[in-house]
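According to TrEMBL:
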- 47-70: transmembrane segment (TRANSMEM)
- 77-100: transmembrane segment (TRANSMEM)
- 112-134: transmembrane segment (TRANSMEM)
Amino acid sequence: MRRLATTLLAGLAVAPSAALFIALLTGSLRQQRMTLEWPQLIDGGDSVVLELLLTSAPGALLVLLASAWLRRGALRVGAFIAGALLACILAAGLFAQAFGNTWSISEILAELVLAQLHLIALALLPGTLLVALLQRREG
């Protein structure tokens, strides 16, 4: 039962990690470094939170499936990092229009993801620590 709770919490931590990355990215591109700001989308009528949750679903699913198959805690932490990284990449594609009108996939990867790896590391740190603590407590 404890392993199931740990797996579910790890899957639920993916979306907040992606949201933190988007807030850090927006603050870095618009204001200055280490500032949190939520992007304003052009078509603001849609639910941004719902779109972010749907965008981070593949990363959460990766974490849930990998945690079901992996036994070692360190590998599960690695699975969380991989799933949260996938969610950050997909979220950068979702919010790319807030940083300019035309972005190709390669530009999103190069400018919004690879050039901002330090922000991804900061965004993934709380979730990674949470998953590591849960794994340690489980084992």
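Glycine residues also receive a Cβ, built from the backbone N, Cα and C atoms like all the rest.
Remote same-chain residues near the transmembrane segment (112-134) are listed as 6, 9-10, 13-14, 16-18, 20-21, 24-25, 28, 73, 76-77, 80-81, 84-85, 88-89, 92, 96, 99, 103 (criterion: CB distance under 8 Å, separation of at least six residues from the stretch ends). Here the transmembrane segment (47-70) has long-range neighbours at 6-8, 10-12, 14-15, 18-19, 22, 38, 41, 76, 79-80, 82-88, 90-91, 93-94, meaning same-chain residues at least 6 beyond its ends whose C-beta is under 8 angstroms from one of its own.
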